[in-house]
Amino acid sequence: MREGSHLIVLPFPGQGHITPMSQFCKRLASKGLKLTLVLVSDKPSPPYKTEHDSITVFPISNGFQEGEEPLQDLDDYMERVETSIKNTLPKLVEDMKLSGNPPRAIVYDSTMPWLLDVAHSYGLSGAVFFTQPWLVTAIYYHVFKGSFSVPSTKYGHSTLASFPSFPMLTANDLPSFLCESSSYPNILRIVVDQLSNIDRVDIVLCNTFDKLEEKLLKWVQSLWPVLNIGPTVPSMYLDKRLSEDKNYGFSLFNAKVAECMEWLNSKEPNSVVYLSFGSLVILKEDQMLELAAGLKQSGRFFLWVVRETETHKLPRNYVEEIGEKGLIVSWSPQLDVLAHKSIGCFLTHCGWNSTLEGLSLGVPMIGMPHWTDQPTNAKFMQDVWKVGVRVKAEGDGFVRREEIMRSVEEVMEGEKGKEIRKNAEKWKVLAQEAVSEGGSSDKSINEFVSMFC
């Protein structure tokens, strides 16, 4: 490999973006590339090496002073992040050149398209990384091109559009930023602007795999130089070729982990409902009470991740009342939980990272989406990949306890449950094949690496 096989990687400063891009770095490092992972932080520290010696983490400031609230104004936040990155990169690139390892490209998050011009200004290639699936990006693309009119509300149920290789969609299946544009005008602009200069990028990377979006892939490849490199799940849960890649980089050795795993070890195979809604979804108190009642009345064992800031919404004396039927924790080792034989289904918000984890580990899912791309992911989870069901919400989005119970029984029992489990196992195998030697994503990663060797 030639000198200078060195890339700068710049994720958007959010865990759902940092995780897949840092996992991609591990795959690239295993192929011989050197990576500098630039992380925007409110408390930047000196650069440091990861477990893999070829990856250097380079924290930089988000542009806010101590005591300032960074997310009070999204436009202000994005502007300061952009300024901080543009002020930092010249010296970083120059230092790399002086060290004898000049960068060849910048791999940047799709929500920061201005980095393409920054890369080209330094004579570097620009590779955009989409942390969302093509099924979502395609919708944003049609909005960007003006070929799709944004509906005024998400609560309509008439068919609105059919995009290339898509099932028919209703407003309730679209990303929330489209149907509630007046509530999220700044975010809508950001997600649509992901496509603003995609026709000029050198390579387009996506955290998905070919078989998962096979029909849609033909369409996007006719437009752009696309390489699917997912799923970006740690290797030891998939192909097992990278023995050190066991987690996303967080310590798993604490009392809460032991509590989770010991509790699961005491349960029969496929008997536990696992619930987690990610790090951002906030349930209203009435929805939390209804969900708690549905779980209790289902009679099923359940492991529920409830953030410490949300526990006050649980019913009074709930933990005592459920006894051994349920375990409520503030955090869980999600990959270990999903891989555990006792898990019968995953009740999820259908964020893309969680959806990919469920698919990769062969776990049937119950989708309870809230915002962003979650409704679209849930639509495909149920109707295209057929690995679960989506709860039926009322007009205002509220989900009744009876619907929670019905969905759990549908996935855990009966003929439909068996078919769902069979499909989940199929996608698990296909995900493993994609990242294994000679698989579609492995070939894509090799092709990407060869551009800089």
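A Cβ is built for glycine as well, from the same backbone N, Cα and C atoms used for every other residue.
Fair warning: this is a prediction, and the values are worked out from it, not measured in the lab.
Pulled from Swiss-Prot, these are the features on record:
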| type | residues | note |
| --- | --- | --- |
| BINDING | HIS17 | anthocyanidin binding site |
| ACT_SITE | HIS17 | active site, proton acceptor |
| ACT_SITE | ASP109 | active site, charge relay |
| BINDING | THR131, GLN334, HIS349, TRP352, ASN353, SER354, GLU357, ASP373, GLN374 | UDP-alpha-D-glucose binding site |
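Look at the residue listed as 'active site, charge relay': DSSP puts it in a strand. Under the DSSP three-state reduction, HIS349 (UDP-alpha-D-glucose binding site) is assigned to coil, being neither helix nor strand. Note on the binding-site residues THR131, ASN353, GLN374: the fewest other CB atoms within 10 A surround the CB of ASN353.
Cα-Cα distance from the residue listed as 'active site, charge relay' to HIS349 (UDP-alpha-D-glucose binding site): 22 Å (rounded to the nearest whole number). The UDP-alpha-D-glucose site in the record is lined by THR131, GLN334, HIS349, TRP352, ASN353, SER354, GLU357, ASP373, GLN374, and its two most distant CA atoms lie 21 Å apart. Distance from the CA of the residue listed as 'anthocyanidin binding site' to the CA of HIS349 (UDP-alpha-D-glucose binding site) is 17 Å. The binding-site residues shown are THR131, ASN353, GLU357, GLN374; of these, the one with its CA atom nearest the CA of HIS17 (anthocyanidin binding site) is THR131. With a 10 A radius on its CB, GLU357 (UDP-alpha-D-glucose binding site) counts 24 other CB atoms from all the protein chains.
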